[in-house]
Amino acid sequence: MEKLTILLLVAAVLMSTQAMFQGGGEKRPKDKIKFLSKRKTNAESWWEGECLGWSNGCTQPSDCCSNNCKGRNCDIW
């Protein structure tokens, strides 16, 4: 029984090292992580202060929750 336990532990270590080498052992770039992560709705982004609601001042479309910057203010949608 002890030999079986040791054999299973050795197999687990070998498999984990093999997986590490096949994967390159590197962390994924942040771009890939952002792409694979859950995207927030416009309301969630606004609630957490990550974007501006309508009629707020903006300089570029990404400032607005609606991604619509008309003139100097965020448009509704």
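Placed from the backbone N, Cα and C atoms, the Cβ positions cover glycine too.
Feature list (source: Swiss-Prot):
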type: SIGNAL; residues: 1-19; note: signal peptide
type: DISULFID; residues: C51-C65; note: disulfide bond
type: DISULFID; residues: C58-C69; note: disulfide bond
type: DISULFID; residues: C64-C74; note: disulfide bond
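Here the features listed in Swiss-Prot are painted onto the structure.
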residue	record	DSSP class
C51	disulfide bond	coil
C58	disulfide bond	coil
C64	disulfide bond	strand
C69	disulfide bond	strand
C74	disulfide bond	strand
Using Cα positions only, nearest of the disulfide-bonded residues to C51 (disulfide bond) (C58, C64, C69, C74): C64
Local Cβ density at C65 (disulfide bond) - other Cβ atoms counted within 10 Å: 22
Neighbouring C-beta atoms (10 Å sphere around the C-beta of C64 (disulfide bond)): 25
Surrounding CB atoms that lie within 10 Å of the CB of C74 (disulfide bond), all protein chains: 23
Rounded Cα separation (Å) that holds between C58 (disulfide bond) and C74 (disulfide bond): 6
C74 (disulfide bond) versus C65 (disulfide bond) - Cα distance in angstrom: 8
Cβ neighbours within the same chain of C69 (disulfide bond) - under 8 Å, at least six residues apart: C58, T59, Q60, P61, D63, D75
